[in-house]
Amino acid sequence: MDADFWLDRWREGRTHFHQTRVTPLLQKYWPTLDVPAGGQVLVPLAGKSLDMVWLAGQGLRVLGVELSQLAVEQFFDENDLRPEIHQSAQGRHYVAGNLELICGDVFALEDATLAACAGVYDRAALVALPEPMRKRYAREVYGRLGRGCRGILITLDYPQDQMEGPPFSVDDAEVQALYAGHTEARLIDRRDILDKEPKFNQRGVARLDTLVYRLERLG
């Protein structure tokens, strides 16, 4: 996935991945992480996700990263927030209370920014990336998070030869390989969601599971 592909999706309104509600799996499993109040939570490829509003409501400082300026502006407009804006080497920062979105490339985040994160939430980032980028993403983003950083990762597992991504299939074997050596990825939930995803049914996908992981950055 290159930047133009992602930006075109937002410009053309092809954003079926955007949910109009908070993710129930986030609400169920995030409290088990015990991320300290006031801790900074990274949300990569954030779009305009309502999950960020929920996380902020838990007393956390949310740091979303999103390439599309349109998505960032829609997030603040749709949530009646008026952000302060400033520029840095990491991108264009939009800040409103304990919500901050950087309009920029997640790979441009500085070491200090990632090391300061106490938590990470990834519902739509890893599965949006083709395989070569997934390896780089796990290494250069997760590999630079601070020791003890905890998070929730949600992926999809389906026969990749039955549908072209994104979202891509990222099964448990790949997750373990991607995070080996720097992050513990423990599978805590797996459920069949094929009957809830008509797009996959229409394309002839025979099986579709969602997988939920508890992540912890190792020392």
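Note that Cβ sites are derived from N, Cα and C of the backbone, with glycine treated the same way.
Listed features, source Swiss-Prot:
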- Trp10, Leu45, Glu66, Arg123: S-adenosyl-L-methionine binding site (BINDING)
Distant-in-sequence Cβ neighbours of Leu45 (S-adenosyl-L-methionine binding site), under 8 Å, six or more positions away: Val65, Glu66, Leu67, Val106, Ala124, Ala125, Ala128
Where Leu45 (S-adenosyl-L-methionine binding site) falls in three-state DSSP terms: coil
Mapped DSSP class for Arg123 (S-adenosyl-L-methionine binding site), helix or strand or coil: coil
Surrounding CB atoms that lie within 10 Å of the CB of Arg123 (S-adenosyl-L-methionine binding site), all protein chains: 25
Cβ atoms near Glu66 (S-adenosyl-L-methionine binding site) (within 10 Å, other residues, all chains): 27
